[in-house]
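K.L.:
Feature table excerpt (Swiss-Prot):
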type	residues	note
BINDING	HIS83, HIS182	heme b b562 binding site
BINDING	HIS97, HIS196	heme b b566 binding site
BINDING	HIS201	ubiquinone binding site
TRANSMEM	33-53	transmembrane segment
TRANSMEM	77-98	transmembrane segment
TRANSMEM	113-133	transmembrane segment
TRANSMEM	178-198	transmembrane segment
TRANSMEM	226-246	transmembrane segment
TRANSMEM	288-308	transmembrane segment
TRANSMEM	320-340	transmembrane segment
TRANSMEM	347-367	transmembrane segment
Amino acid sequence: MTNIRKSHPIAKIMNESFIDLPAPSNISAWWNFGSLLGICLILQILTGLFLAMHYSSDTMTAFSSVTHICRDVNHGWMIRYMHANGASLFFICLFMHVGRGVYYGSYTFSETWNIGILLLLTVMATAFMGYVLPWGQMSFWGATVITNLLSAIPYIGTNLVEWIWGGFSVDKATLTRFFAFHFILPFIISALAAVHLLFLHETGSNNPSGMMSDSDKIPFHPYYTIKDILGLLFLILALMLLVLFSPDLLGDPDNYTPANPLNTPPHIKPEWYFLFAYAILRSIPNKLGGVLPHAMSILILPIIPMLHTSKQRSIMFRPLSQCMFWLLVADLPILTWIGGQPVEYPFITIGQLASVYISSILLXLMPIFGIIENHSVKW
């Protein structure tokens, strides 16, 4: 009798995706972040669902409904902080996952890579709209400033911003539609994640060496399921440490003040995971001139496969490219720090230097070093 997991139509799909899936025998802990992102998504959907049961998307009651969740709902404070800090861990896993893709040359799987970029943009949009929902000072002013960036688009910009707002300023219509989109987008992300996995399983997974591994594969279960469970335990530990000991560590104190359109906070900034892009935006003292590099900070990812000049896929055996990659990684925390600082000297200058540095590494130095490395091994 055939095993049910190999004969049942639904169980067979699960079996081929998570149990009998042939996986390279040498993939490292950097390949754990895909499964961790799946866990983060499930966690965010579940905690978000419970929060939505008590949340009111009206400008008059939104702030007090969040207060009510924290004070009066059973374990409401825990659900709220799990959702907020879960988003931070989601982005940490996302950045690690993308970084691994760049380091080991996973971007050569073009369909998987492009769906991944679409996923990243959708998650960023979802997180931004979620930040607006508590209707604190930073929620209101963050929404005003970030949506206003679209007014830099020639001719249609102003109309586009007012269409998104649903009026002439961020108000009740904006909050209601942001809540609706914030609720539906995680389900769209789930569908995109399924497509991402579908394309990945068409080609098979990459591995640290960047070489074909068809001759050396092992079943996903039990080897990598155990490995993923270990990663999950570390993720839960990090989340619980944040939620139970420092729930507001990654938040903004201004968001504990109800939104007031008549009082601008001294320093408007988005959540920490957007600060690197925000620093690039502020480094150019021109609206359109700042918006274009700001957009390119993410939209450079689809261009990376075109800039791949090396005959080796992975950076693992390319010392010059390794130096450039780790300098790039070191530059991102600097940009994140600058994005959270006031717009004054010396932060403006540091931000400008870091922005030029990141673009020169990605657009020029990495491709040049790829060619140099080809010649150094006489390829």
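Cβ from N, Cα, C; glycine included.
Not measured: the values here are computed from a predicted model.
In terms of burial and nearby residues, how do these features look in this structure?
P.N.:
Of all Cβ atoms in the shown protein chains, 20 besides its own fall within 10 Å of the Cβ of HIS83 (heme b b562 binding site).
Mapped onto three states, the DSSP output places HIS97 (heme b b566 binding site) in helix. Listed in sequence order, the residues of the same chain lying 6 or more apart from HIS97 (heme b b566 binding site) and placing their CB within less than 8 Å of its CB are PHE33, GLY34, LEU37, GLY116.
The Cβ of HIS201 (ubiquinone binding site) lies under 8 Å from the Cβ of GLU16, SER17, LEU21, each of these being in the same chain and 6 or more residues away along the sequence. The secondary structure of HIS201 (ubiquinone binding site), as reduced to three states from DSSP, is helical.
Packing against the transmembrane segment (33-53) from elsewhere in the chain are residues 69, 79-80, 82-83, 86-87, 89-90, 93-94, 96-97, 100, 182-183, 186-187, 189-190, 193, 228, 231-232, 235, 239: each is 6 or more residues past its ends and has a CB under 8 Å from a CB in it.
Sequence-distant contacts of the transmembrane segment (178-198) (same chain, six or more residues past either end, CB-CB distance under 8 Å): 17, 37-38, 41, 44-45, 48, 52, 55, 57, 112, 115-116, 118-119, 122-123, 125-126, 129-130, 132-133, 143.
Listed by sequence, the residues of this chain that lie at least six past the ends of the transmembrane segment (320-340) yet keep a Cβ under 8 A from its Cβ atoms are 95, 99, 102-103, 269, 272, 274-280, 282, 310, 347, 350-351, 354-355, 357-358, 361-362, 365-366, 369-370, 372-373.
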K.L.:
How many Å separate the Cα atoms of HIS83 (heme b b562 binding site) and HIS196 (heme b b566 binding site)?
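P.N.:
A Cα-Cα distance of 24 Å.
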K.L.:
Taking only the Cα atoms, work out how far HIS182 (heme b b562 binding site) lies from HIS196 (heme b b566 binding site), in Å, as a whole number.
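P.N.:
A Cα-Cα distance of 21 Å.
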K.L.:
Could you tell me what the rest of the chain brings near the transmembrane segment (226-246), counting residues at least six beyond its ends with Cβ under 8 Å?
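P.N.:
29, 32-33, 35-36, 39-40, 43, 78, 81-82, 85-86, 88-89, 93.
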K.L.:
Can you name the far-off residues of the same chain, 6+ from the ends of the transmembrane segment (288-308), with a Cβ under 8 Å from a Cβ of it?
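P.N.:
Distal contacts: 98, 102, 105, 107-108, 110, 113-114, 117, 120-121, 124, 149, 152, 154, 276-278, 280-282, 355, 358-359, 362-363, 366-367, 370.
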K.L.:
Secondary structure at HIS196 (heme b b566 binding site) (DSSP, helix/strand/coil)?
P.N.:
helix
